[in-house]
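The next block holds one structure in the form of structure tokens; read it before the comments.
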Amino acid sequence: MQWRSLVLGLLLLRLGLQALLTLLPALAPGLCLRRRFPFPFPPPPALPGPPAATTDNHPGSSHWGSLLRRDSLGGAAGDDDYERRYSGAFPPQLRARLRDAARGMFVFGYDSYMQHAFPRDELDPLHCCGRGPDLEDPSNLNINDVLGNYSLTLIDALDTLAVMGNSSEFQKAVKLVIDTVSFDKDSTVQVFEATIRVLGSLLSAHIIITDSRQPFGDMTIKDYDNELLHMAHDLAVRLLPAFENTKTGIPYPRVNLKKGVPPDSHNETCTAGAGSLLVEFGILSRLLGDSTFEWVARRAVKALWSLRSNNTGLLGNVVNIQTGHWVGKQSGLGAGSDSFYEYLLKSYILFGEREDLEMFNDAYRNIQNHLRRGREACNEGEGDPPLYVNVNMFTGQLMNTWIDSLQAFFPGLQVLIGDVEDAICLHAFYYAIWKRYGALPERYNWQLQAPDVPFYPLRPELVESTYLLYQATKNPFYLHVGMDILQSLEKYTKAKCGYATLHHVVEKTKEDRMESFFLSETCKYLYLLFDEENPLHQSGNKYMFTTEGHVVSVDERFRTSLWQDILPAAEHGAHNGKHNDFRALNFSSNCNRVPDERRYLLPLKSNYMRQIDRMVGLI
């Protein structure tokens with residue numbers, strides 16, 4: 001492949017380090033720098049080889065694995081170890097046990113937070129206490145960007161309670177939020193985090209409460225007077241100063257909820273942070289009948305879109321909000337960029353504005369042209385397996401040889417546009433990394449077959465893609481994947497009072513933090529993967545997940561444009577498109593390429609799956 005020559009120079013630069021590690025073997029195990037091939041991706045083997053991993057590589061497999069082997073493996077075809085492990089029907093009783101285990105995981109984390117941490121923002125699961133903003137060190141952005149002294153974890157978990165059918169606790173939690181949470185706080189938070197975690201959850205819970213159908217059970221609140229919607233409005237008003245006094249319309253990254261934009265605020269923000277506000281702000285505008293919030297969010301998206309490269313059509317990952325100059329020129333699908341692309345598509349699905357779909361289609365085409373490497377087809381042909389890499393936005397040239405765990409969301413996005421075959425391959429790559437470590441390192445170097453940044457903060461992206469791929473294919477393989485993930489989380493991250501971040505995926509050391517998205521996303525997607533009868537999966541119910549995993553209904557009230565009072569139709573390109581517009585314009589739809597006869601076979605041929613396992617050093 002031509003792209004291999006692009007990394008040859010980087011490979012040569014690594015030779016010195018590898019030679020040093022040969023002389024110092026004590027360092028090698030900790031760094032996992034094992035090499036089996038002269039290039040990053042080996043060719044697919046023509047014949048079956050040894051198994052990718054034994055049960056020892058799958059923590060806890062003996063617990064549920066005996067039931068699986070007894071009930072489902074007898075019908076597997078052939079002698080291939082991958083087929084024996086993953087093929088065949090998934091026993092209903094095992095699935096029910098895993099659903100209950102996922103619910104139990106959420107309950108343990110949620111109850112621990114309520115007992116030991118509420119009303120603070122997060123739970124410290126090792127010391128069984130709560131944490132809020134780091135008032136002593138305002139520069140601690142890892143904490144202060146997220147924690148605003150507003151009971152974050154409780155708010156973020158609201159719709160998970162509803163999805164799991166716990167009406168009594170949902171009603172109790174909503175009343176607690178209404179009675180105890182205020183946004184009139186001297187807290188400087190990141191606009192993006194406050195939007196997706198807090199604003200999005202308030203809106204989701206409000207929609208659930210006011211839904212006349214009540215699909216999750218009786219989630220109504222006695223004497224409810226739209227309090228959550230009013231709280232969402234109050235928070236959004238406090239975030240609006242971030243959009244003022246910027247020459248480009250791209251918002252400041254942070255705002256003080258009481259005082260506005262801090263005087264020492266930075267002028268640099270990431271593409272995802274500034275361009276992933278449209279879903280929540282748009283929902284709020286359309287519920288209130290006030291176009292202000294959607295307008296500022298849409299203006300930011302258009303400003304970023306106008307700054308894409310004339311040569312490649314790609315965007316960078318960090319931009320100056322005053323000059324429009326790209327400070328970070330890396331174009332990829334992970335941190336700093338991920339949800340920008342996600343929200344172009346989801347904004348169209350929810351609001352029906354055709355320009356959102358047109359931007360997404362252009363972006364996806366440019367991603368395929370410049371970021372994708374490997375063979376053309378996922379499940380046929382020769383060559384390297386497909387992979388999306390980080391490139392220079394102006395030249396399309398490879399910038400580095402790592403990817404990050406946030407990119408694991410992308411197969412799920414590909415499912416939404418119908419590019420299922422490509423999603424299968426990319427998901428298999430991330431699952432192979434998970435099998436090796438029992439978690440996803442925050443950053444993984446695919447050339448060195450080792451983590452560059454080894455911590456795992458309980459992120460949901462791989463679970464999300466697993467869930468969406470199962471919904472698209474109904475292939476039991478993805479139930480096996482979910483079982484592996486669930487077992488790993490139980491074995492490696494469970495703590496005295498909740499679930500803890502892994503400080504190092506190789507050493508399995510823990511950090512004293514349980515981020516709120518563990519309850520709002522990771523547990524929710526695991527539960528839904530195994531809960532076949534959930535109302536979300538019933539015919540006639542149409543829902544979409546925000547980038548924080550919050551559930552919002554897809555209905556006509558969100559497809560009424562508010563733009564006539566601000567811009568003429570010709571200028572803003574409003575179009576109340578229907579879903580068939582999406583299908584007609586989707587140039588990469590491959591839904592029909594997954595035939596029924598493959599329902600109980602591996603979604604990816606075993607020789608290609610083995611190739612990927614070798615690629616990450618599993619075999």
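Cβ coordinates come from backbone N, Cα and C, glycine included.
What TrEMBL annotates here:
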{"type": "ACT_SITE", "residues": "GLU193", "note": "active site, proton donor"}
{"type": "ACT_SITE", "residues": "ASP338", "note": "active site"}
{"type": "ACT_SITE", "residues": "GLU442", "note": "active site, proton donor"}
{"type": "ACT_SITE", "residues": "GLU461", "note": "active site"}
{"type": "BINDING", "residues": "THR547", "note": "Ca(2+) binding site"}
{"type": "COMPBIAS", "residues": "54-64", "note": "compositional bias 'Polar residues'"}
{"type": "REGION", "residues": "44-64", "note": "region 'Disordered'"}
{"type": "SIGNAL", "residues": "1-19", "note": "signal peptide"}
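The active-site residues in question are ASP338, GLU442, GLU461, and the one with the fewest Cβ neighbours inside 10 Å is GLU442. Look at the Cβ of each of the recorded positions GLU193, THR547 and count the other Cβ atoms within 10 Å; the largest number goes with THR547. Rounded to a whole number, the C-alpha distance linking THR547 (Ca(2+) binding site) with GLU193 (active site, proton donor) is 11 angstrom. Taking Cα separation as the measure, ASP338 (active site) is nearest to GLU461 of the active-site residues GLU193, GLU442, GLU461. Across the structure, GLU461 (active site) and GLU193 (active site, proton donor) are spaced 16 Å apart at their Cα atoms. Geometry remark: GLU193 (active site, proton donor) versus GLU442 (active site, proton donor), CA distance 18 Å.
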